[in-house]
Amino acid sequence: MDAGSMNTSSSLKAQSRFPLQQQFLPRTTSKENLDRFIPNRSAMDMDYAHFMLTEGRKGKENPTGNSPSREAYKKQLADSLNINRTRILAFKNKPPAPVELIPQDYSLNHKAKSTKPRRHIPQSSERTLDAPDIVDDFYLNLLDWGSSNVLAIALGNTVYLWDASDGSTSELVTVDEEDGPVTSVNWAPDGRHIAIGLNNSHVQLWDSTSNRQLRTLSGGHRSRVGSLAWNNHILTTGGMDGQIINNDVRIRSHIVETYRGHTQEVCGLKWSASGQQLASGGNDNLVHIWDRSTALSNSATQWLHRLEDHTSAVKALAWCPFQGNLLATGGGGGDRSIKFWNTHTGACLNSIDTGSQVCALLWNKNERELLSSHGFTQNQLTVWKYPSMVKMAELNGHTSRVLYMAQSPDGCTVATAAGDETLRFWNVFGVPEMAAKPAIKAKPEPFSHLNRIR
C-alpha cells in the first residue's frame, strides 16, 4: 500500500473518533453500491416509528381502504415489536390460578391410605406371675413355650406347666435333690413331649399329656446339660463339658453325632428353620455354625464356621424367620453387642452396642423386628427395627436381669422370667394384620381375646 492511501486511512480513523458526527464515504463506482440494505437499529428513530404505526396516520387514511388482512398484519407487527405494551411484566388482572394435576382430596386420601400407622407397643406387662426359686444363672435355659400353647418353666427342682388357653397351672415333675436342679427345658415340635436337662448330666423325656416319663438319655455328657434344641426326632444337647450331642430319641443307642468345638460350657443352641444348620454359643465367647449334611456318625464333626467376634459369653441366639441364612447373636456383660451373621459365608453383617448384657433374642414372626432382653443396669426389653436397628420401644418392669424369654405360638405374646422371681407376659409384637381379620373358627383359639393363632 502506498503512502497516500495510508494517509487517507489514518485521516478517516481520526475523524471517526469524534462523537455525534455523521460519516459520509465517497462513492467510487455504482457497482460498489449494489449490496443489499442492512438496517442498523442504532440509526432508527423508534419513537417516530411507534408514532407512525399507532397515531401518525390516523385520519389521513381512508378507513374503508384497510382490508382485514392489512389490519391483522399491523396488529401482528405491533405485537412482534412489543409496541402495544406500556409496561413489561405488568398484569392488568390477577394471574390465573395454577391447575391442580392431582385433586387435593385425592392426594390427602391417598397419603392417608399409603402411610402405615405406627404400631402401639404397650409399655407394661399384661400379666405377672410369681416364679419362686427360679435359678438366677445366665448359662441355663429354664423357659419354653410349646406349639400347644403351654408354657413350661423350671423352678428349682420342679417343672411347672402353665396352660395359656385357660390360665391353669400344673406340676409336671419334681426331680430328686441329688439330680437337680433342673437346668434346661425344651418342647418337642409336636407340643406334647418335653425334654428336661438336669444338673447330673442326664436328660429326661416326658409326655405332658399323660404326665409320664418316657426315657432318660445318659452317657453322653459329664456335667450339667444347660441347653437343648429339637430338630424333628433329633434332640441336641449342650453341656458344661463343651460337648454338643445329637440324640435320636427313637432308638436305644441315641447318640448319633457329636460336635466338639467349644472349650467351655455350651449355653445356647438353636436349629435353623430348615433343620440344616445348628448355631451354638458358649462361655468361651465363640459361636459355631454346624452343617447337618457334614455330620459324621459316632465321631467329632468339624464346624462350618467359627465366629470369634464376641468378647463375652454368647447365650442369645435367634434365626431370622424371613431370611433363612441370617442369625442374630448377643454377647454377655463384657460384650453387650448384638451381631448379625450370614451363615452361608460366615460374614458379620452388622454389630451394635446395646449398652448392657444381652440375655436373650427373639424375632417378630410378622414384622421385621427384633426383641432383646438385658441385664444390668436397666433390666429392660428392647424392640429394634430391622435392619436399621432403631429402637422402637423399651419395656421396663423387671428388677433383675431378664435371663429367659419365650414366644407364644402365634408370635404375638412374649413371656419373660428374671432373677426377681417373676414371670411376665408382654403383648409386645401385637396382632398380625392377617390375624386381625375375623375368621370363622369351630372352637375359640387360645388367647382369642388378645390375638389369633395361625
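Cβ atoms here come from the backbone N, Cα and C positions, even for glycine.
Record note: among 1-33, 199-231, 232-264, 1-33 is the stretch given as region 'Disordered' by TrEMBL. Long-range contacts of the repeat 'WD' (395-428) within its own chain (CB-CB distance under 8 A, at least 6 residues past either end) are made by residues 121-134, 136-138, 140-149, 151, 153, 162, 164, 191, 357, 359-362, 364-366, 371, 373-376, 378-383, 435, 447, 450-454.
Across the residues of the repeat 'WD' (175-216), the predicted structure has a mean pLDDT of 97.
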